[in-house]
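Quick look at what TrEMBL lists:
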- 32-401: domain 'Major facilitator superfamily (MFS) profile' (DOMAIN)
- 34-56: transmembrane segment (TRANSMEM)
- 68-91: transmembrane segment (TRANSMEM)
- 98-114: transmembrane segment (TRANSMEM)
- 120-147: transmembrane segment (TRANSMEM)
- 159-178: transmembrane segment (TRANSMEM)
- 184-204: transmembrane segment (TRANSMEM)
- 225-244: transmembrane segment (TRANSMEM)
- 256-273: transmembrane segment (TRANSMEM)
- 293-311: transmembrane segment (TRANSMEM)
- 317-339: transmembrane segment (TRANSMEM)
- 346-369: transmembrane segment (TRANSMEM)
- 375-394: transmembrane segment (TRANSMEM)
Amino acid sequence: MVMEEIVLSTPQSLAQQPAVVGSIRRQTPRRARIAVATTFFITGMTFATWAARIPAVSEQLHLTPGTLGIALFGLNCGSLLSLPISGTLVVRLRSRTTAFIGFLFYCLLFPLLGMMPNVWALACMLGVYALGSSLTNIAINVAGVAVEQRYNRPLMGSFHAFWSFGGVAGSLIGAGAASINMPVWLHFGLMSIVWLIGGLLATMHFVPEEQHQKRDKTASLRPKGALLILIVIAFCAFLSEGVMSDWSGIYMRDTVQSGAGIAALAYSVYTFTMSIGRFSTDRVVALLGPRRFVCGAALLAASGLGLALLVPTTPTAFLGFALLGIGVAGIAPTVIGAAGRLHGGAAIALITGVGYVSSLSGPVVVGWLAEASSLRLALCFIVCMALVMSMLALKLERRQQI
């Protein structure tokens, strides 16, 4: 099993060779690791900042679940438009330049999201913003695998943990801004200044990936076999994350009937447990193996969200969101790392791009389903996605292709 050999045997083999370990440690790009972790933290903070203020934007523009879904569809369109160019940019310009462009692009546009006069203007601005955000997310994942390969041990779980910690920070700041009724445009503007400075400085320390990993010259990577299954699992995992970021606060406010401050904390609970889960992902994968890990994690996620939907009270909803966060925490990092080891940077760009689109498509689908039925029933869609991930992980184990 190629994936298990690469992910699991490497730390053990290095541990048996102290001289090699010392040599590698002296050569590891520590600055690059810190820089990549910083960019993950910033992008997680950006995502959570938007998620925390969705109720405020929705109230400001008097949006229904259906019209909010229309606005969120703009994110999806922007991400789809970025797919044909992001993989090419990462391969030709490298992750450093692509991430630099992405940070510059979307940090300058982010404050405008709080100034749109109607749903259509918001949808268009979200689409433009998504172009830069998608480029950045794909580039930093490629940079993460580059650093992981330089260290010669799994690190993607910890990088994605910093994304989650950024989400916690962003959602907590967002909850505070919401509690004091800070204007959305002012909140977004102040945060964008910090992100822009931090992001541009961090990208300067990225490792040039062509020095330690093969650059995939094939612009058209055809997904098949194990890679196709990994893409579907990533699609479901990112979709679940996107839905919870956009709809957890709305669910707490409208279904659980909690206050604005408590509703904004829902995503904080989810991202905090996700952060803890991601820091332990590498060790758990080493213990259980990637396939059993993905299968069990997906089942835990389904159970957690199922609890939150079956018993819509504040304590049970928070407990359910916490279990969901632990469950989905390590699925995406595990899958992205496996894709990179199978087919290099082009596969990372493909699977990250598809995942990013799914994270934006999910909220739209849930919005439409909520409009047709109820948000509580619509979120059952995520439970189904978690079960699909579990079944696909078992299918992957039988094929033994990674």
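In case you wondered, yes, glycine gets a Cβ from its N, Cα and C as well.
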CB contact flag for the transmembrane segment (317-339) and the transmembrane segment (98-114), at least three pairs under 8 A: no
For the transmembrane segment (256-273), distant same-chain residues with Cβ under 8 A (at least six beyond the ends): 44, 48, 51-52, 55, 164-165, 167-168, 171-172, 174-175, 178-179, 244-245, 248-250, 312-314, 317-318, 321-326, 329
Residues of the parent chain within Cβ reach of the transmembrane segment (68-91), under 8 Å, 6 or more residues beyond its termini: 54, 58, 61, 97-98, 101, 119-120, 122-131, 133-135, 138-139, 142, 215-217, 219, 221, 246, 250, 345-346, 348-350, 353-354, 356-357, 360-361, 363-368, 370-371
Arithmetic mean of per-residue pLDDT over the domain 'Major facilitator superfamily (MFS) profile' (32-401): 85
Interface-richest range of 34-56, 98-114, 159-178, 184-204, 225-244 toward the transmembrane segment (120-147), CB pairs under 8 Å: 98-114
Contacting positions for the transmembrane segment (184-204) when only residues 6+ beyond its ends and CB under 8 Å are counted: 35-36, 38-39, 42, 45-46, 49, 53, 56-57, 60, 96, 99-100, 103-104, 107-108, 110-115, 136, 170, 173-174, 177
CB contact flag for the transmembrane segment (159-178) and the transmembrane segment (293-311), at least three pairs under 8 A: no
